[in-house]
Amino acid sequence: MSDTDPTTATDDTLRTPIVAVLGHVDHGKTSLLDKIRGSAVTAGESGAITQHIGATAVPLDVISEIAGDLVDPTDFDLPGLLFIDTPGHHSFSTLRSRGGALADIAILVVDVNDGFQPQTLEAIDILKRTQTPFIVAANKIDTVPGWNPNEGQPVQQTMDAQSDRVQSDLNEKLYEIIGELSDNGFSADMYWRVQNFQANIGVVPVSAETSEGIPDLLTVMMGLSQRYMKEEMEIDTSGPGVGTVLEVKDTQGFGTTLDAIIYDGTIRNDDTIVVGGLQGPIITDVRALLRPRPLEEIRTEQEFEQVDEVAAADGVKIAAPELGDAMAGAPIRVIRDRDRSEVIAEVEEELAEIEVTTQEEGVVIKADTLGSLEALSSTLEEEEIPVMRAEVGAVAPRDVRVAETAGESTNQAILAFSVDVLDDARDLAEQEDVKLFEDDVIYQLVESYDDHVTAIEEAQQEQILENITRPAKFRILQDHTFRQSDPAVVGVEILSGELRRNVNVVRWENGEANRVGTLKTIQDEGEDVDSARAGERMAVSIQGPTVGRQVEEGDDLWVEIPEKHAKILEQELKEDISVDEREALSMYLEKHRNRDPFWGK
């Protein structure tokens with residue numbers, strides 16, 4: 001932070017806790033952040049709230065002002081809260097540091113009307129995996145029919161002011177959310193009933209629209225941070241800075257820049273830094289540290305102003321050469337008075353910690369950040385979907401070339417999470433029949449791919465079934481011989497299975513299957529058909545036998561199934577054939593196995 005920054009902590013050994021806001025799209029994350037920011041600007045003196053890159057700092061005195069009687073500032077040593085403004089809804093998974101989450105604590109925003117949605121579950125998975133403590137903001141309480149808003153009031157106060165019916169409706173919605181948390185393995189209750197926040201999740205009813213409950217939200221966040229995280233907040237602000245890249249972007253006049261959160265030490269504008277890149281660590285010199293100009297100066301031509309240094313915890317835009325390969329979610333470390341090779345090794349080690357297991361055969365995955373790549377990879381591993389290549393960045397033609405080398409057609413696919421697909425890559429994928437799946441929600445991305453795999457497998461099964469001789473038993477009907485031989489044309493009833501054309505036919509005698517001929521055609525009322533099912537009566541032509549010699553009216557005949565086909569039907573395709581085909585197969589196998597117990601095994 002610059003010397004003049006009003007949010008500088010008085011106790012420079014305690015940094016501001018970093019807060020991430022997560023939740024399903026449209027559940028009110030952005031509105032909640034905007035309202036916290038807006039309330040802070042209103043409550044603070046002019047200039048008390050500084051604009052930050054990728055973050056909003058709310059100092060303790062401003063929290064105290066918003067929370068009123070709920071907070072006694074003398075109870076707290078921590079300087080305030082730093083809310084990360086994650087780009088897009090999904091980027092919490094970006095925010096990793098030293099193998100865990102960058103955020104010290106999180107707010108999971110859930111719409112009281114909608115409850116848990118796919119991205120809520122996705123957020124919960126990430127919170128579990130990174131072991132990040134969180135509270136639930138049950139948003140949109142003002143939308144309960146009959147709600148009487150009380151702008152900016154603590155939630156218990158405003159709930160007490162509602163009618164019994166409204167209170168009852170709201171409580172029902174809140175307990176549904178508590179139930180859903182329980183289904184996902186978390187014990188939860190209204191925050192004012194929670195005794196131990198380490199064992200239970202506190203639910204804070206809020207309205208981003210009317211600010212009701214926001215005093216409680218800030219109070220609970222401060223209380224949790226102070227009580228459970230004070231030791232973790234102790235840092236040496238004079239030491240070399242450590243941080244995480246939020247976004248890599250082009251900034252006019254500065255070229256490629258990094259939006260970053262510094263969570264330990266200090267970064268200065270003449271420091272040499274090591275940043276995680278696509279091809280490994282990037283070593284570069286800081287040319288400028290940039291902050292947005294204060295709101296009252298926004299009309300000036302330059303959007304940013306330069307500062308000499310930034311101390312943890314804070315957001316900053318870093319301008320430096322050779323940042324083209326830097327990755328969102330990657331570590332940043334200042335070298336300063338440390339051994340260069342040691343710092344490079346630490347960054348390499350941190351990059352290696354990103355748990356993405358690849359195999360020789362599998363799909364290609366692309367994601368916008370290292371953290372999302374890790375989250376997607378972890379989900380695919382749970383679903384037992386193999387990954388051949390995993391990278392950060394847009395889908396390029398070379399990704400298509402890799403995907404098309406997959407041996408299995410189900411693996412000739414690219415799963416793209418929140419990234420662009422270059423036009424020439426899209427054209428090439430179409431040309432080479434590589435399937436592209438794009439989504440901003442991991443669950444939906446994986447679901448689309450699963451549907452694709454199911455469709456391929458079903459088509460393959462159908463193809464196999466087409467080439468397999470299907471089981472059937474049929475009877476020659478009495479008084480239904482239309483032609484005795486060459487070919488014999490008779491009326492039949494299918495007793496079980498499915499009778500098809502161009503199959504060999506056997507009659508069982510003394511435990512032996514004797515081939516009597518080949519069934520050539522099936523007719524239904526003079527029309528040729530491909531098949532007939534159990535219960536149907538048809539006219540069939542059989543090349544080979546003469547009725548009255550090799551076959552008789554009233555005989556039961558069977559389709560001759562090659563032993564190899566019988567084995568495939570029993571062991572691989574049993575679930576894909578109908579119940580009466582299974583019955584016909586079972587009887588056919590039994591007849592053979594009476595003679596040879598290992599037939600078709």
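Placement of Cβ uses the backbone N, Cα and C atoms for every residue, glycine included.
Region 'G3' is the annotation Swiss-Prot gives to one range among 85-88, 237-240, 269-272, 525-528, and that range is 85-88. According to Swiss-Prot, the feature region 'G2' maps to residues 48-52, out of the candidate ranges 48-52, 158-162, 213-217.
Feature annotation (Swiss-Prot): of 43-46, 139-142, 251-254, 347-350, the stretch labelled region 'G4' is 139-142. Residues 23-30 are the range that Swiss-Prot records as region 'G1', among 23-30, 335-342, 543-550. Taken through DSSP, the region 'G4' (139-142) splits into 2 helix, 1 strand, 1 coil.
Ranking the binding-site residues Gly23, Asp26, Lys29, Ile141 by how many other Cβ atoms lie within 10 angstroms of each Cβ puts Asp26 at the bottom. Residue counts of the region 'G1' (23-30) by helix, strand and coil are 2 helix, 1 strand, 5 coil (DSSP-based).
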